[in-house]
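Colleague: Pasting a structure below so you can have a look.
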2 protein chains.
Amino acid sequence: MELTFLGTSAGTPTRARNVTGLALQHGGPRHWYLVDCGEGTQHQLLRTRLSVMQLQAIFVTHVHGDHTFGLPGLLSSASMNGRTTPLPIIGPPQLRNFLEITLASTDSRLGFELQFINAEADDFHWQDDAVGVTSIPLSHRVPCRAFRFDELRVERKLLTSKLEADGVPAGPEWGRIQKGEDVTLPDGRYIASKDYTEIPRPPRRVVIAGDNDTPELLAGACREAHLLVHEATYTRNVAERVGPWPQHSSAEQVALFAQAIGLPHLVLTHFSSRYQFQAGRGPVIDELAGEASAFYDGNLVLARDFMQLRLNRDLSLEALDA
Amino acid sequence: MELTFLGTSAGTPTRARNVTGLALQHGGPRHWYLVDCGEGTQHQLLRTRLSVMQLQAIFVTHVHGDHTFGLPGLLSSASMNGRTTPLPIIGPPQLRNFLEITLASTDSRLGFELQFINAEADDFHWQDDAVGVTSIPLSHRVPCRAFRFDELRVERKLLTSKLEADGVPAGPEWGRIQKGEDVTLPDGRYIASKDYTEIPRPPRRVVIAGDNDTPELLAGACREAHLLVHEATYTRNVAERVGPWPQHSSAEQVALFAQAIGLPHLVLTHFSSRYQFQAGRGPVIDELAGEASAFYDGNLVLARDFMQLRLNRDLSLEALDA
């Protein structure tokens, strides 16, 4: 499972950071999902290997413009580039009205179908061959969701010594048993796959949250999660100066939550545009890292645009070269 | 009068060129207008000295997304940056519906008023202290306009030898006469400004066109114009391959028109994303330049992103360092 951060700024873009967009790859390099789509997401994609032709679904946490204004352009460009495959758009129900009216009033006709799916429905669940996705309500100025991605197909390990001990001859049957298939041997014996295989590791589980002032709402969803991507719009002192109205989290809040639940990997993103990479012109992103690491002992990462992270099968998190 | 090209690609952005946006400065460096606003225009502005706080008006040639999808984000960012000054939005009447629904359905509340003005009205005319603007209907898949910007205040030249010959004493009165004011001298004589000043040059006139397959529609508007910015989406051979449906112009068509009316300065822009700066991966922008220069003897410029051009008072066109 690979994450590519396409934008890490809150509200407005800066020269170094775009507004929110996050690509999640799983099931091969040409199989990816987009979570949120701020203005300029399609421009960011031009600097990656990801193509809208292979995009499997778009997930939208909430309607705010810094998470949605890139949708009409990305969809139009996909169409102009020849996409015909239907595209699920999974998010708040208002998205449908926004997109349909935007596309109609700008004479933008898509060459593929948009399949709108309400992520706020009580029974929301989505899956394809590679992942199952659920949504978790958060606390923000508008309805907002986190999405939990669960890996669906964990490769089974064949218990070869047990097969040999029971006299199941090596051959094509072993391959079928490993793939989860029950087989009947030539001698009439029924071999159930589950008796001769084991699942050697937990399925990977990643939670990607939208804007949220109450990280604790994710306690249930983060149980057995390996990685949480969460906003940390401010440091605590800036959050106190700004006041509660924007309904964002501070780095301290998210770190305390991640520590309390024993989360292995925490990635912070969605930093207020006031935070700079370099000292000299206002607060720096290092202040957010410093604050979070004071409260969280796990693996802390502060996202930056075009950062690529891979959650390996052994559940280690690896930064890839851009 | 200064032009800054914020995007020179048609339809979709490329790594080197954004979709359409053009800044026109006149009346001081902090007084500028935006013509069209494709997605990412606010990002491009971050790399210039122009600020949305000093933006005087937005002109929109037509509703297509590559000319409009940047509007919601640019307006929202202006609001988040503290703009309170009302902003005229001058364009097709459908813009109002598009923007109002987009902003409402994304919970984007602006801290300033949008003043929608229908550029397609028969009696359309707009002006401020610096420029007067008219619109000209073009031929495209949707209603589309060109905007003609006429400089309003040309500095008067004082006829000092005539003033001296008539015994008008040098003093504060000379300054008032130069500014166009009629004065009564201490001896009772009435001095009309127009009799003692002259306007030493024609007012600068710039025509900025939207998408259009019939440049000849601009013949009237370009009379006495010094500069035309016009799309040249394709070379003639590509245009013939694509067919007439997109209703764009070829470089040849625009060049022939500019030659026929004796236009001093022609700036081509809005090049199909297939055209690259460097040879090797498809057609190059130089092919468009080569085609146009074969038919046009005037001053030909092919726009590129962040190019700045100044139309001087002496009507020469100067490329400024970025």
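Backbone N, Cα and C atoms are what each Cβ position is placed from, and that goes for glycine too.
TrEMBL entries are annotated by machine, without manual review.
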Colleague: For the Zn(2+) 1 site that TrEMBL describes with A:HIS62, A:HIS64, A:HIS140, which of these is also annotated: A:ASP195, A:ASP211, A:ASP286?
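Modeller: Looking through A:ASP195, A:ASP211, A:ASP286, the residue TrEMBL assigns to the Zn(2+) 1 site is A:ASP211.
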Colleague: I'm trying to understand the geometry here, so how far is the Cα atom of A:HIS62 (Zn(2+) 1 binding site) from the Cα atom of A:HIS270 (Zn(2+) 2 binding site), in Å to the nearest whole number?
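Modeller: The Cα atom of A:HIS62 (Zn(2+) 1 binding site) is 14 Å away from the Cα atom of A:HIS270 (Zn(2+) 2 binding site).
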Colleague: Considering only CB atoms and a limit under 8 Å, which binding-site residues from A:HIS64, A:HIS140, A:ASP211, A:HIS270 lie near chain B?
Modeller: A:HIS64
Colleague: Which site among A:HIS64, A:HIS67, A:HIS140 has the most other CB atoms no more than 10 Å from its CB, taking these as binding-site residues?
Modeller: A:HIS67
Colleague: Rounded to a whole angstrom, what is the C-alpha distance between A:ASP211 (Zn(2+) 1 binding site) and A:ASP66 (active site, proton acceptor)?
Modeller: 11
Colleague: Roughly how many angstrom lie between the C-alpha atoms of A:HIS140 (Zn(2+) 1 binding site) and A:ASP66 (active site, proton acceptor)?
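Modeller: Taking the Cα atoms only, A:HIS140 (Zn(2+) 1 binding site) lies 14 Å from A:ASP66 (active site, proton acceptor).
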Colleague: Using the Cβ centroid of A:HIS62, A:HIS64, A:HIS140, A:ASP211 as the reference point for the Zn(2+) 1 site, which residues of the same chain not in that list have Cβ within 8 Å?
Modeller: A:THR61, A:VAL63, A:HIS67, A:LEU138, A:ARG141, A:VAL142, A:CYS144, A:GLY210, A:ASN212, A:GLN247
Colleague: Looking only at Cβ atoms, how many others are within 10 Å of the one on A:HIS270 (Zn(2+) 2 binding site)?
Modeller: 28
Colleague: Around the Zn(2+) 2 site formed by A:ASP66, A:HIS67, A:ASP211, A:HIS270, list the extra residues of the same chain whose Cβ is within 8 Å of the site's Cβ centroid.
Modeller: A:ALA10, A:GLY11, A:VAL19, A:THR20, A:ASP36, A:GLY38, A:THR61, A:HIS62, A:HIS64, A:GLY210, A:GLU231
Colleague: How many neighbouring Cβ atoms, not counting its own, are there within 10 Å of the Cβ of A:ASP211 (Zn(2+) 1 binding site)?
Modeller: 26
